[in-house]
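Heads up: the structure comes next, in structure tokens.
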């Protein structure tokens with residue numbers, strides 16, 4: 001069945017029928033605008049991410065269910081990086097006219113599965129025809145008490161730099177997909193990333209993190225964003241980078257620089273954050289209590305010192321710094 | 001100059017440099033999420049509209065400045081239709097790599113000119129490469145006291161149906177553009193619509209409107225949305241339709257049904273609303289005080305009576321009801 005057979009309003013109706021009433025939602029799908037509440041005393045956090053076929057995803061690599069999950073996951077990751085509790089989202093789709101309805105149904109199932117997992121509610125959006133590929137645009141609302149929100153701008157010289165989970169897996173997975181592999185833990189991390197929502201909220205509630213970002217552009221590029229907004233530099237110890245066993249095993253077989261993949265490969269959706277160095281043990285414990293590995297990988301340095309990566313014996317390494325830039329071709 | 005020469009972050013930086021600090025904005029462009037405040041006691045209104053090249057606009061017809069204005073205007077119109085005060089917005093763009101930077105600069109100027117006119121502030125978004133045409137996705141926040149918000153669902157049998165401004169001009173303008181005309185009042189209404197923000201707020205504050213929608217799909221289709229959500233029918237008197245002099249003059253020269261254009265042509269971005277019939281005079285006066293023409297065009301009828309259009313002598317007319325449906329080809 002094609003979308004044309006049920007029409008735009010039929011499609012929206014099918015989705016709306018699957019949405020439960022939700023906390024804080026006064027009017028959801030089906031009016032000119034959604035009407036929601038923000039808890040008294042809380043500020044509103046809003047993030048928006050657009051995913052474009054052939055730019056962000058390749059339908060030869062991903063199935064619609066995981067694409068739906070990932071579309072919401074990347075937005076959840078942004079709210080997590082502010083320490084916010086995700087609440088409500090809008091989903092806009094530009095749909096090629098010949099896309100099978102079964103594809104869309106599976107995509108929506110993936111979106112709603114991810115939404116259920118994190119307790120967020122679909123409240124609106126837009127649906128239209130695409131003249132080319134599939135376009136997904138999600139706007140996600142979160143909320144948090146204002147003094148708990150963690151921005152990129154709070155890192156101070158002497159702060160330690162931490163990262164959750166492992167880095168480089170997603171970039172490895174993408175490389176594997178391009179070389180014809182279709183499954184495996186790295187491929188899963190690329191196609192089905194896990195946003196660190198509870199870890200982000202816990203860090204915000206504890207008041208530990210001075211600055212935070214999620215790794216979407218690549219560890220060094222995203223650390224660069226923190227450094228720029230905070231007016232500081234940073235030193236990263238390459239030997240402390242958290243690398244998964246499968247990354248270590250597989251990277252050596254790929255014709256690519258193992259360290260560059262871990263430092264510049266994007267889409268890890270891990271949290272990269274800074275905190276006073278004396279809090280290291282408490283932070284590791286707090287994350288461990290949530291089942292999240294966390295490691296100190298470096299130190300914030302003075303303004304003007306840039307981002308420096310050191311290797312064995314503390315010598316400076318030359319590594320590519322640039323993350324993914326949509327218009328530079330890198 | 002091409003966008004590739006300044007890059008994604010260069011482009012974002014250029015935009016961010018032009019945004020002033022704004023009311024209710026704690027963190028704007030440049031973090032993982034925007035941080036804003038909603039006034040105590042107010043609810044949040046959120047709307048999102050996506051505009052796709054070759055679907056919603058044709059770069060052969062529109063200039064980038066007016067495309068920027070319209071991209072925000074259609075969202076302002078949605079907030080107006082809830083009676084909300086528009087506040088903050090996110091702008092996401094998928095940009096073809098060969099689009100000249102001058103085009104983008106003019107587009108952004110249009111967006112920001114519209115934003116300044118209505119006192120709304122750009123707080124974030126997303127920028128990426130497009131594999132095909134230009135994609136614009138805007139999410140706009142508004143706010144209002146909860147008991148003032150006007151939904152589609154409140155129309156009651158006996159209520160009068162009102163519409164602001166004139167209808168059909170935008171559809172006429174689009175028809176003229178397709179026939180090679182490039183200027184004129186109808187073309188202006190299509191390319192540069194005026195959202196009825198102050199009229200919507202005034203109706204909400206006065207508590208007059210029982211249901212409201214903006215005309216984007218077409219008068220009858222949008223009245224159908226009110227009827228469906230409210231569980232009522234409606235009767236429209238075709239002789240009361242507010243038709244502009246240039247519409248009347250030009251429509252007769254076009255090879256199209258004049259009445260169908262006024263009733264089913266979309267993108268008027270006028271407010272269509274219902275209110276108790278005895279309030280007619282007060283409503284006309286309230287709108288006139290804002291310089292907005294407003295006319296009663298019909299009456300809400302009982303559930304199950306459908307949408308009926310009557311002409312001279314009260315006889316029922318057969319008119320196309322369908323508005324724009326992205327997937328039906330109508």
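Cβ atoms here come from the backbone N, Cα and C positions, even for glycine.
Feature annotations, courtesy of TrEMBL:
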BINDING   B:32, B:78, B:214  Mg(2+) 3 binding site
BINDING   B:32, B:47, B:78  Mg(2+) 4 binding site
BINDING   B:48, B:49, B:126  Mg(2+) 1 binding site
BINDING   B:49, B:78  Mg(2+) 2 binding site
BINDING   B:56, B:267, B:324  substrate binding site
BINDING   B:125, B:126, B:152, B:216  ATP binding site
BINDING   B:217  Mg(2+) 5 binding site
DOMAIN    B:30-142  domain 'PurM-like N-terminal'
DOMAIN    B:156-308  domain 'PurM-like C-terminal'
**Item:** Cα proximity to residue B:126 (Mg(2+) 1 binding site), best match among binding-site residues B:32, B:47, B:152, B:214, B:217
**Value:** B:32
**Fill in**
Among the binding-site residues listed as B:47, B:78, B:125, B:267, within 10 angstroms of the residue listed as 'Mg(2+) 5 binding site' by C-alpha we get B:267
**Request:** Within 10 Å of residue B:216 (ATP binding site) by C-alpha distance: pick out those among the binding-site residues B:32, B:47, B:48, B:49, B:56, and say none if nothing qualifies.
**Result:** none
**Asked** In whole Å, how far is residue B:49 (Mg(2+) 1 binding site) from residue B:56 (substrate binding site) when you measure between their Cα atoms?
**Response** 11
**Prompt:** For the binding-site residues B:78, B:125, B:217, which ones lie near chain A, with a CB less than 8 A from one of its CB atoms?
**Reply:** B:78, B:125
**Prompt:** Closest to residue B:214 (Mg(2+) 3 binding site): which of the binding-site residues B:47, B:49, B:125, B:267, going by Cα position?
**Reply:** B:267
**Complete:** Comparing the Cα of residue B:152 (ATP binding site) with the Cα atoms of the binding-site residues B:32, B:49, B:78, B:267, the shortest distance belongs to B:78
**Prompt:** Once the DSSP letters are reduced so that anything not helix or strand counts as coil, what is residue B:32 (Mg(2+) 3 binding site)?
**Reply:** coil
**Complete:** CA-CA within 10 A of residue B:48 (Mg(2+) 1 binding site), subset of binding-site residues B:32, B:78, B:125, B:267 in residue order, equals B:78
**Complete:** According to DSSP, residue B:78 (Mg(2+) 3 binding site) sits in helix
**Asked** Could you state the CA-to-CA distance between residue B:125 (ATP binding site) and residue B:32 (Mg(2+) 3 binding site) to the nearest Å?
**Response** 10
**Asked** So for residue B:56 (substrate binding site), how many other CB atoms are inside 10 Å of its CB?
**Response** 23
